[in-house]
Amino acid sequence: MNFFIKSCFLDKEKTDCIVVSVFELSELSDSAIYLDKCSNGHITSLIKLGDIQGKIGDTLMLYKVPKILSKRILLVGCGKKDEINIIRFKKILKNTIHAIKKKSIKNIVYSFSNINIDNIYWMIRRMVLSLKESLYETIKINNTNIKNTNIHSITLNIIKKNDLFIAKTALKHALAIDHAITSTKNLSNLPPNICNPLYLSYKAQELSKKYENNIVVEIIDIKKMKELGMNAYIAVGNGSKNKPFMSVIKYSGNNIVNKKIIAFVGKGLTFDSGGISIKPALHMHEMKYDMCGAAAVYGTLIMAAELQLPLTVIGILSGCENMVGSHSFRPGDVLTTMSGQTVEILNTDAEGRLVLCDSLTYLERFSPDIVIDVATLTGACVTALGESVSGLFSNNEELSNQLLHASQETDDKIWSLPLFSEYHKELNSNIADFSNIGRGKAGAITAACFLSKFTKKYNWAHLDIAGTAWKSGKKSGATGRPVELLCQFLLNQSNYIYN
């Protein structure tokens, strides 16, 4: 499916369907008014019949409108003009796709005027990403009857010709971000018998082939991990026949404008049984999503390469599998991490932080200025923030504010939580430097406190996406979060101007 940007006369467009907005009390948008005048009031006469009120959720398909070359016009209700926000706008777009999917419509022109949710850049970007999200379908394994959408092209009509350049920039960014989100979803949704740590390393190596001028990949296998002293990482994978692999993706842009080295680390537990501290059977199948952090980092690096961002970005996919076996690590073990710090294991289901701590230490060799780890780390974060908001922790206020700003821009909600010294005390151990879980409450915070002990040499932030990375139930599947937020963070670091 292709997207296009242009400024056109709607009555002259030979297309299958033109989509225009109608507000409450049957108030027409400027685009609808233009088509109404061209058709000698045909649209107004039909609206007077009362088939559409302009409320959000309303749609009305018109056929063979006089003096209009398009085969159809879809009127879509947008509610009250001054009450449209990002959430309602996404719902409006979803309603249009729902109405169009029922028809054999291949080519569409959207002409949304009088919707002032933001400047033209953000309006176009939100439109493209929302439409793409509405059209996304999970790939079924070995399904020969894949039903793709009938839609071949979507054209976004720009009312003011002066806005064409920025609109085309928005489209370029949106398509790259969608590529990142879709790649993240597709990888996250794979079953664990396909997507194991070795498979993650293959996916990383594919990037170095596709973007050979900008991306170099190094794979750290268990032999190299042993040489590096990554004992915590290794211990987590000891119970599985699928050995751990850490994929290091190095992206170097052309004409770099920001000299900072930015690094992302993604938790890549391709399946987490909990180990000896085994999880309950109910919902254990969803633990294939415990690698969504790594998938998000993978997707974000794709966007950087697609847009040729003028940055240096490192992405680590910390691939591992936590299984029960005769070689599994145990509660009571004491592990010496790559940093030299020792950890008492109180719970083998608190394994993600053990993989991440050695990955965070490994990153020191690159002298990064910014490190952001992304992990489905704790159920406690889901308890605290629910399934709509990710947890944010950081040792640097400026970095925290930059991520919060990107969150507001993308409507990918995050919430900052503290790392007070009182929480660190919960990790005290009598036999090691600290334990791998807290002995009290605030599990999301104590997990972040654990990670912070390995991030003293750079500015660091931790995103706990345990509640937001996937959805359960009838419409289960990966959400692709927080990829757009991370992409926006990189765009902001690239000093892009959107107005």
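Glycine is treated like the rest: Cβ placed from N, Cα and C.
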Further Mn(2+) 1 ligand in Swiss-Prot, beside D349, E351, within candidate set D272, D433, D464: D272
For the Mn(2+) 2 site that Swiss-Prot lists with K267, D272, E351, give the additional residue from the candidates D290, D358. D290
Taking only the recorded positions K279, D349, R353, which one has a CA atom nearest to the CA atom of K267 (Mn(2+) 2 binding site)? R353
Those same-chain residues, other than K267, D272, D290, E351, found with Cβ within 8 Å of the centroid of the Mn(2+) 2-site Cβ atoms are V236, G268, L269, M287, M291, C320, N322, G352, V355, A375, T376
To the nearest whole angstrom, state the Cα distance for the pair R353 (active site) and K279 (active site). 17
Out of these recorded positions, K267, K279, R353, which one has the fewest other C-beta atoms within 10 Å of its own C-beta? K279
Quick one: Cα separation, D272 (Mn(2+) 2 binding site) versus D349 (Mn(2+) 1 binding site), in Å? 8
Run through the Cβ atoms and count how many others sit within 10 Å of the one on E351 (Mn(2+) 2 binding site). 28
